[in-house]
Every structure is written in structure tokens, then in C-alpha cells.
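Below: the structure, in C-alpha cells.
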């Protein structure tokens, strides 16, 4: 009787062995999609740690759970890579070198792609436009070249695009500024050319294009913009496009060739506390509360900064900007005496920096016996007056001459009064 149970016994042992082997094989299988694992391998092959960086030291492709052990890799519930951060961004890490692999496009569930500062070169793979779940693309402070891929214009959920501080060339793809979800676009410190797209329908909050060679006029922008910088480009034309931007907090259009008057609506926005319009060809007079809105008496406040220097602004200084903490009106064609509101603001510490040098001003009504606070910088040199004794907080660029030659003052004052 004992022998008839032996086949069943061996069958049971075989089944137990098979189950255990299957369980062991399942446990040893990497907890990540095979497609994503192959993509990560190709990505690693195209990049390398700069000496001093150890970012890839945890990328062991024999590890059972790359989603948990690979630095910079985050997976979703289905073991697909959803976030890839290449590099650490730490101050003591020099970053990565190499190039970006087109295999990135095989990470089809990716929502965020981040490349921290390093020495990565070559183009941005246009295949990234196939990753329709992408919400964030941040590839900053490297040496990427070539164009901004037009394929990015097909990413319906893209919220943030930051390609700043690279060597990108060409123009901005017109489709980018039409993306329905785009809120933040930072393309500053590149070598971009051409004009801005004429249609900007994306409800942008933050647009930074400074330090390129973009030309042409400023297009009409959505009223949602809160941060705008196009400084240090080759842009020209009037600033009418700024009139509808009622939500602005920060505006920098400096170092271009913009011309015409300054839109008065900018000064009716109390949230706009950083305003940089210097080094353009702007003309006309300073804002006046009487001409704009009698209920809005002054502009500025704690932490505010306005730079209108190095333009062609004419006429008298109005009291409207007396509440600004840091105010640069130097190197214009301003005339007349400085209003008492500015003098009071300087001496009570509300205004901490007031640069008026290189104008045609004729007076500064200094209260008798007043002493300038140590925290204040006031410069009045090279105007049509002798600066009060004891006021010498001028930058080196103001020069050493305290006043303009009388011949310049009489000629300009006469010309200004006849206009």
C-alpha cells in the first residue's frame, strides 16, 4: 500500500518546487516596467557624472526595485517612471556631462523632467514632444544647443517650461504661446532670435525672456501675467501692450529700444512694486495723479523700486513717485525744482535711494539745518544747480562735475519751454 502513495508524494514536491521557483522569479523581477528600465539604461549611457558628482552611483540595474533605489527616479502605482530628476542640484555637486538621449521619449508616463545645472551639451531631443503627460520641463544651466523643439507645442498639459541659461538658438515656436495649460515660461540667458509670437493666448503667470537677441515689438499679452522680463534684448516700439496687464508684480523691459510714453496704467497698479524701464528711448513726462486718477495720490511703498534712468523723459518731476523706496530718474531731460514731497520722503527715510543726476533740475529745497540719514543715497550732481553741501552719495558713473555748464542749462531750458 505504501508504494501507491509515492507518485502523489513526488507530484506534491514538484508542485511545491514550481510554486517556490515562480515566487522567487517574481520577487527577483525588477519592480519597474521593462520599457522604462531599458530607457533609463540608455539615458545613463548618454550621461556621466562630472568628477565630484556621484549621482549615478545608485543606478544599479541588477537591483530588485529601481523605483526605490535609483536617485532621481519616481514611479507611479503601475511601476512606470513619472518623475525623472537628472542631477542633484546641490551646491557641492558639479552635475552631469554628456547629452540627452532620445530614449527619454520611451518614458511614456513621465510628468516631470528635470535636468539640474551641469555641462550637458547637444540638442534637446524633439521626441520629448511625444510625452503627452508632461507637466514640467526644466533643463537649466547647461550647454544645450539648437532650437526650442517645435514639438513642445503639442504638449497639452505642460505647465512649466524652463530652458534658461543654455545656448539655444532660433526663434520661439509660435505654438508654445498657445498651450492651454502653460503658466510659466523661462527662456532667459540663451541666444534666441526673431520676434515674439504675435498670438499669446496661453494664460501665463510668469514670462522671462531676458538676455537674448529677440527683436520686434512687444505683442499683446494675457492679463494674467504677474512677472514679465524681456530685458537686454533688441526689442523696439511703444509699450502699449503693457496697458492691460493689471496683475503685474514685477516688470523689466530695460536695455531695449522701446520708445514713446510710459503707460500711465502701470502706476495705477499698487501690486507692481518692481518696475525697470531704464536704458530705452522712452519720452514724455512723469505720471501725475491729477491726470490719471485723483483718488490715487502716490505710488510706491516699502520695498518698491522704480528705474526710469537713461531715457528721454522731459518736464517737471511730479510728486507722484515720492513714496518709492528706491528711485532712479537720472540721465533724463527733467527740469524745474524737485518737489518738497521727495525731500520729505528722503529725510524721513521712506525713500532710501534717490538718483537725479544728469538732468536739468534747478533746485532741491533742502530744509535748513537738516541732516541726511546715513541710510540714504541721494545724488544731484550735473544738474542746473549747485548740490547742497554734504550731499555726495553719487556713484562713480555720475562723474566729478557738480553742475552742468550754464550754456547747456540755458539752451535746454529755453528749448523745453517752447515745446
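Residue numbering: from 1, along the chain as shown.
Note that Cβ sites are derived from N, Cα and C of the backbone, with glycine treated the same way.
Within the compositional bias 'Polar residues' (398-411), the DSSP-based counts of helix, strand and coil residues read 7 helix, 1 strand, 6 coil. If you look up TrEMBL, you'll see 398-411 marked as compositional bias 'Polar residues'.
According to TrEMBL, the domain 'Leucine-rich repeat-containing N-terminal plant-type' annotation covers 36-75. If one looks beyond the domain 'Leucine-rich repeat-containing N-terminal plant-type' (36-75) by at least 6 residues along the same chain, the residues whose Cβ comes under 8 Å of a Cβ in the stretch are 27-30, 81-88, 92-101, 103-104, 106-107, 109, 118-120.
Residues or ranges marked as region 'Disordered' in TrEMBL: 396-419.
The signal peptide annotation in TrEMBL covers 1-25.
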Quiz item: What residues in the same chain, six or more past the boundaries of the compositional bias 'Polar residues' (398-411), come closer than 8 Å to it by Cβ-Cβ distance?
Solution: 330, 357-358, 360, 362, 379, 381-387
